[in-house]
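Q: This is the structure, below, for whatever I ask next.
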Amino acid sequence: MTTAKEPSASGKSVQQQEQELVGSNPPQRNWKGIAIALLVILVICSLIVTSVILLTPAEDNSLSQKKKVTVEDLFSEDFKIHDPEAKWISDTEFIYREQKGTVRLWNVETNISTVLIEGKKIESLRAIRYEISPDREYALFSYNVEPIYQHSYTGYYVLSKIPHGDPQSLDPPEVSNAKLQYAGWGPKGQQLIFIFENNIYYCAHVGKQAIRVVSTGKEGVIYNGLSDWLYEEEILKTHIAHWWSPDGTRLAYATINDSRVPIMELPTYTGSIYPTVKPYHYPKAGSENPSISLHVIGLNGPTHDLEMMPPDDPRMREYYITMVKWATSTKVAVTWLNRAQNVSILTLCDATTGVCTKKHEDESEAWLHRQNEEPVFSKDGRKFFFIRAIPQGGRGKFYHITMSLSQPNSSNDNIQSITSGDWDVTKILAYDEKGNKIYFLSTEDLPRRRQLYSANTVGNFNRQCLSCDLVDNCTYFSASFSHSMDFFLLKCEGPGVPMVTVHNTTDKKKMFDLETNEHVKKAINDRQMPKVEYRDIEIDDYNLPMQILKPATFTDTTHYPLLLVVDGTPGSQSVAEKFEVSWETVMVSSHGAVVVKCDGRGSGFQGTKLLHEVRRRLGLLEEKDQMEAVRTMLKEQYIDRTRVAVFGKDYGGYLSTYILPAKGENQGQTFTCGSALSPITDFKLYASAFSERYLGLHGLDNRAYEMTKVAHRVSALEEQQFLIIHPTADEKIHFQHTAELITQLIRGKANYSLQIYPDESHYFTSSSLKQHLYRSIINFFVECFRIQDKLPTVTAKEDEEED
């Protein structure tokens, strides 16, 4: 018999299980829990939104409402920085010019300003420049000014009694309504000189007939008291080549003779049926240089002309005069530099005998830099301070203040270094003899900054920074001191909007603002200005500074084109905390580019070892350093590798042309396009003083000149777009450079464009032409950076198959 058992759950039939599942009651929803969860989610979301709002900077909220910087802005009054051109004339007074044009005298002790010249008077005379006589009785105005080179000009001059006198023309006795090359007051009373046809005229006071005191001038050939082209551009860096003694009794002047210097002819294509030419003396590498001599004439009594004797040194067979400065009323300091520019001698010359005594000698295996520096003297002339390069360890020499003290009954001077360290003194400003202090600008803070310092000239030479943290958003300064040293004018040049303030020297306290350029601050605040970043890159044991300009709306997730801007003239500085609004600003603000600059080997203010690295091999190391800067930027995710460009002008044009064909790490093209403005392409075609300074004397060993030709580089140009811009009447870098370059580009079948400016000079004096120039450069890079839509192309064969 079989016993019946109760079936187990596992033994249930599939049908029974399905019936149970189907027939079971659904669970009740937990509505209360769902509501709580939703509430928590809403609270979290609101907290996130609140955090985002609170943490977002206020300026970002309004950024989209701000305007972008345009080319028009660069030339508008809103962006025009006003420099009051303040100048101390006594212990407590300075002269300055207001924005509306009125010239005033300000007394810092009484805090009272007096009108000297009404702005409307300057307007009525159409005057470009003005100068007040030392006795404040007369003003000298120039009008109808016509530029010659970078600094020089000709113009008509009038004298007018302050404040409301009628203008009277300033002319040589033999000519009326003459266009003068120069006119300016002396240090005392109403004495003045002017230069006409390269001859010097002296007037003891207004109303007295001028007398010609130097008459050896010959137009375009022999210059008295003025620079020729080479001295103006490369040596003295000014058109003025005369110097008053402190008491006004003597005048030192240079005579520059161009008679043996080859002539360059600048063509003028417009304005006549046949082109005309403007000839002028321009010494190229290896050619005859101008000769120079220094003379002193007495202005009281019969004119006596005495030449200062150059050093009796075989290394000085050919020389430049790079600096002249009066020490006393009878002693004048002169720096003589040999043609190779590797030996300089500082002398103190007796203006009554012409005998010059050597005070200091400097020599370099490369070249001597900063030879225009003026020493600062004590009142008796026995003590003076000058800047010289002093060894500071592995980075080579840096420029520091040396004090020289003449010993009684001894031909040897006692020399002491006032400053030291791996930073540069950039300028000596003043010596306070009573307080035993020297005032100067330096890069001690950072190479890209200029701060105002003082140092004791006795004891342990303690120094103090006077400008550090003194003015908000300002780290780049220049300054000038009152005659008593009790007050100083402090000029902020960046990174904020430039301004001028007046301070008490004792406690650095700001007394008042002279100029704040509020209109520019407002314009800047209303625009999408670039964000500025600084960083260092390491190359061959050097830390090289780099400046990066990013759009105001920058985000890491956007891809931006990269524009490398190069200058790199040996000893120059591209990375500096100075205020600037330029066409590069427009590229960043309006067109979303990232602009980068780098101070590589050959740049200044980082020691002579780095400076002299480029000797006899210009372009080679600069290319390496600039390419490293580009590679550093290409590692950033926000840079578009397919849109990289380079630009340079003058020497920078040489570098941009040199760098453009450079290959990347994978041997592909790095740059999409490049542009060069007035590029140097062959240094034997350029100014003797410049080329010979860095490449040696042409004719002795020309290998450096051959190696640095860009012709060797442009053959590697492939499909990159290349824009060359050059004015045809460029007096500094002749169009010949571009003509030589284009010849090589045609041979190499390169893709280039040329834009010329007929009959325009190197410095583009016309604002309308400058606007056109900037637009041309910007449009070229905007087109280069344009992202083209790549549509699939259909070949003829495929077209036939479809048919």
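Cβ from N, Cα, C; glycine included.
Model, not experiment: these values are computed from the prediction.
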Q: Would you mind checking which of CYS598, CYS673 shares a disulfide with CYS784 in Swiss-Prot?
A: CYS673
Q: Using the record from Swiss-Prot, pick out the residue from CYS356, CYS492, CYS598 that is joined to CYS474 by a disulfide.
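A: In Swiss-Prot, CYS474 forms its recorded disulfide with CYS492.
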Q: Based on what Swiss-Prot records, which one of CYS356, CYS465 is disulphide-bonded to CYS349?
A: CYS356
Q: Counting every protein chain present, what is the number of Cβ atoms, excluding its own, within 10 Å of the Cβ of CYS474 (disulfide bond)?
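A: Looking across every protein chain shown, the total is 24.
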Q: With ASN111 (N-linked glycosylation site) as the reference Cα, tell me which of the recorded positions CYS356, CYS492, ASN504, CYS673, ASN751 is the closest one.
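A: Result for ASN111 (N-linked glycosylation site): the nearest of the recorded positions is ASN504.
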Q: Across the whole of the topological domain 'Cytoplasmic' (1-33), what does the mean pLDDT come to? Round it, please.
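A: Residues in the topological domain 'Cytoplasmic' (1-33) carry a mean pLDDT of 46 in this prediction.
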Q: Which three-state DSSP class does ASN473 (N-linked glycosylation site) fall into?
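A: Coil, per DSSP.
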Q: Using a Cβ-Cβ cut-off under 8 angstroms and a sequence gap of six or more, which residues of the chain neighbour CYS673 (disulfide bond)?
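A: The list for CYS673 (disulfide bond) reads ALA645, GLN720, GLN721, PHE722, LEU723, PHE780, PHE781, CYS784, given in order along the sequence.
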Q: In sequence order, which residues at least six apart in the same chain have a CB under 8 Å from the CB of CYS349 (disulfide bond)?
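A: Those within reach of CYS349 (disulfide bond), by Cβ under 8 Å and sequence separation of 6 or more, are LEU294, MET308, MET309, LYS331, VAL332, ALA333, VAL334, VAL355, CYS356, THR357.
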Q: For ASN504 (N-linked glycosylation site), write down the residues of its own chain that are at least 6 apart in sequence and whose Cβ falls under 8 Å from its Cβ; none is a fine answer.
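A: Those within reach of ASN504 (N-linked glycosylation site), by Cβ under 8 Å and sequence separation of 6 or more, are ASP486, PHE487, MET511.
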Q: Tell me whether CYS468 (disulfide bond) sits in a helix, a strand or coil according to DSSP.
A: coil
Q: List the same-chain residues at least 6 positions away in sequence whose Cβ sits under 8 Å from the Cβ of ASN751 (N-linked glycosylation site), in sequence order, or say none.
A: LEU717, GLU718, GLU719, GLN720, GLN721, PHE722
